[in-house]
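Read the structure below first, then the notes.
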């Protein structure tokens, strides 16, 4: 695995432009990202601080410490196989379209258009849901911070209504839209700041939390204790642990960002895949260390999950608040830690919209979205301005489900994981089947191990898809129904229905837009 050599006689900018022309596109976005900036965007998107904060209650309720600390290692291993396979394909096809472009090229001429269509819609719906889940979780987290800062639920603290939370969410979305309307130079700064904030935050919290805690869980408890909430009615430990993997899987997601930013990255066929690999590797290591540190102060799980506690049932917030209050007589230090997590989540949401908008730009460039001519535009700063605000608008509409059913909204986390993960798995599947012999690797490749790693990735994606569609409580009722299979099935049926009734007559996959100089 080494950087490009075939285009060594060309300056990097010219080589990138030439390679993009070979793939069928002219350079329209500003190529202003370095390898560091590309990595930073993806690392900021993955954001283990944001992912763990968002889903910690789920992991604690389903399997507790064991499902998170040991489950993280299991997920990290198989997730690495997915990331390596994606990096290899990204090196061969460094375009903003990413996953759906890869499926089109790898599935062959006959099946390429359909493969591209389905992959693209799973990818973009998953990314819309990701923006929704991250930003809405941030709005809820802000509400918890305000609640604790004003005395807590048991001390007369301010508990925001669902409409106030939605208003906070709307404000966050608008801020993310404004930031993503800036030039790539400013976006690169936010990406790098997000990466540094996550690294510094994990380092600081990993040291601070155990040092402050007067009471800490034993090592055996942190790594072996399997907790199951009696209210969910699941008595199988294996089943419980499997559902609890959602925390780890959701927290290690979003590394397709490096691919979607490839047309804005220098030396893209090397920098893009390295952005994927390095961000996943660092996120896996630092995320596990942070998770272990955080779980070390979890000693009374039922109380942390109790909606009647000071944090309204937010386990992380309650654990940190109690830890600092026990040590110093005030929970202010815990609230500051929560604020640091909130900043990380905000920067993660920024990167979500960035990646989402680049995917939408590429998909509309190939005519796959309704009103593609509107979204496929860049402003004078070479930013896909229209599709940035489309991403923000769709995310807002998705969050309206929270007004009717909080259970239905919680499925956003699952559809984020599965929508994006299915989109990850499809091009890898075509790489190890239809393109088994014809695939031409780029500078980053896995050599003879490519097929084996690819098959492990495909099997893992299939297993995760089944796991996260299973019921999450028994007996199954409207209040605990897992809407994930309905949402995943809905995306599949709608995309196939649109294909059968309309798209198959005109969509031929990625559309070449280069014009011969002659």
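Using the three backbone atoms N, Cα and C, a Cβ is placed for every residue, glycine included.
What TrEMBL records for 35-56 (among others) is transmembrane segment.
Proximity of distant same-chain residues to the transmembrane segment (68-87), defined by a Cβ-Cβ separation under 8 Å and at least 6 residues beyond the stretch ends, is recorded for 56, 59-60, 222-224, 241, 244-245, 247-249, 251-252, 255-256, 259, 272-274, 276-277, 280-281, 284, 287-288, 291-292, 295, 421, 424-425, 427-428, 431, 444, 446, 450, 453-454, 456-457, 460-461. Per TrEMBL, the feature transmembrane segment maps to 68-87 (among others).
For 163-188 (among others), the entry in TrEMBL reads transmembrane segment. Distant neighbours of the transmembrane segment (163-188): 29-30, 32-34, 37, 40-41, 131, 135-136, 138-140, 142-143, 264, 346, 349-350, 352-354, 357, 381-383, 385, 388-389, 391-392, 395-396, 399-400, 402-403; these residues of the same chain sit at least 6 beyond its ends, with a Cβ under 8 Å from one of its Cβ atoms.
If you look up TrEMBL, you'll see 194-213 (among others) marked as transmembrane segment.
Per TrEMBL, the feature transmembrane segment maps to 276-298 (among others). Here the transmembrane segment (276-298) has long-range neighbours at 39, 42-43, 46, 48-49, 51-52, 56, 60, 64-65, 68-69, 72-73, 76, 79-80, 83-84, 86-87, 90, 198-199, 202, 205-207, 209-210, 213, 215-217, 222, 251-252, 255-256, 258-259, 304, 315-316, 319-320, 323, 444, meaning same-chain residues at least 6 beyond its ends whose C-beta is under 8 angstroms from one of its own.
Summarising the annotation, TrEMBL assigns transmembrane segment to 331-353 (among others).
Per TrEMBL, the feature transmembrane segment maps to 383-401 (among others). Within the same chain, residues 29, 127-129, 131-132, 135-136, 166, 169-170, 173-174, 176-177, 180-184, 353, 356-358, 360-361, 364, 374-377, 408-409, 412 sit at least 6 positions outside the transmembrane segment (383-401) and bring their C-beta atoms closer than 8 Å to a C-beta of that stretch.
Taken from TrEMBL, the feature transmembrane segment covers 407-430 (among others).
The transmembrane segment annotation in TrEMBL covers 451-477 (among others).
If you look up TrEMBL, you'll see 483-501 (among others) marked as transmembrane segment.
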Given 194-213, 331-353, 451-477, 483-501, the one sharing the most C-beta pairs under 8 Å with the transmembrane segment (35-56) is 331-353
